[in-house]
């Protein structure tokens, strides 16, 4: 089975033109699913790199609708919006309706199972009711029972973040963490958070991950060496994933 | 002769078995630096790995099991027969005696693996804070076991009240300072605001971390974080095996709570294995975390150098009443324990100094051991539960963790006596 490459990018980063270019080309190079980040008020589980990318776009990015429509036109793979539920509590219906109208496939709220655990099932039905898929976000600090339940209702795949924060390479045993949950997850298991280390990436795939989600590594690469270099990284990672097909 | 076979081969982590997700540590909004990133420079690498590689069971390195044996693990599980008779209760009372280790408390259970991991990594010097001195003593001993230097920032008021603890730390080779000190930027800032500041665990913790960062040493953490409660699970794992040997099924499990490590270490293996019907966490009424604390994201240390963790807290700037001598002065409760309390799986109690003083005296009169003032909080709850069992005519099995002895806390008892028995 082909392993999935889930590519994350902050909406509009570093500027609209380069953003579209990165997205389009990364799909050509083998991205299976796009995760697009909408700058939140508080990026609770994001490390400095993604936080900085949010800051970089918020000064000029006034409207998320136009660029998302544009991305939808350009690519035909599933697009998932990543943002924090906390910011949309008062206008969730509108937000979901808009996403649905644009043709966005799904949403991923990293704080749903952590800060809204008592109502998460209601939120999941609400989101699905609006015709938007729900990708559930889990991690090692979730109990096994909940990972089992979440894996059954998560759309497209179940996201499992192996570290507390994106982009910061806290030492963890990626293989042990995946082994713990592999049999609990009745779904495609996509692993993320700090997997730009190729050793960790391979460990995740060997331990049974159906895919990986990469974000910070691309943003860092864009920052340091530009879009082309970041696209080269997409290609490299695609190559590693294909070794495990 | 200690039987090493009885020392558990695994540490137990309750997180996979919690009723709800444990909110993860996080960076504050608009942080000028990442606390989570900083952890890599603060904690020994393997300690950090164990903090975040959350699995139900983690193998205890043989080297660490050997050291556990050297300090007298497994600790005794004793029956408090005379206390039962004194209370005329139908309940059976057992206690796990963590005061039996050379340092006189459970704290050594995590100091040993942390010092071991630091030494394995090639670190030469470890730093920490201490309040009563139990943690500082444990670190000084563990460091000396692995030929590491140790520096301990001791809360000033304790430093002055407990010169004997300082002596032990120094005999083990530790260097002890009264916090706030002028050795760190944060200490100097506090002293500038109030030169007579009595100190607090939160301040001493920040100073220890800053000092470790400035010298590229590593910091050893004594409570609150999951990795510490993981290491402390040897207490509960042993207790389960020891009760099994006696054919006893526990009904009520009781422990005192400073940061929550002895309580978690003792009760979590029972909670995870669904053994026991009631778990009681006991705090001090003078440091009223359970009754007045808020369950929210807060810093474990006063300067805010560690990531925010979600816990029951009185606030990172909390300074305990200086006159109070009963221990359990930390401002927060370990995140896992906070969650279990919020979910009502663990009950809490708070007792006043004079109540725990009376409980300690009853325990000394009946069982002979001088309990640490901290542990006397648990004893008070044990006495109340035993008397309740008597009223309700129930043959309950009560097991508690006697987290430490009080032989170096006689000054505290003296101070309480002067105030209570006027």
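Yeah, the Cβs are placed from backbone N, Cα and C, and that goes for glycine too.
Heads up, TrEMBL stuff is auto-annotated, nobody curated it.
Among the features that TrEMBL reports, active site, proton acceptor is placed at A:35, A:46.
In the structure shown, the C-beta of A:46 has more C-beta neighbours within 10 angstroms than that of any other entry among the active-site residues A:35, A:46. Mapped onto three states, the DSSP output places residue A:46 (active site, proton acceptor) in coil.
It is 14 Å from the Cα atom of residue A:35 (active site, proton acceptor) to that of residue A:46 (active site, proton acceptor).
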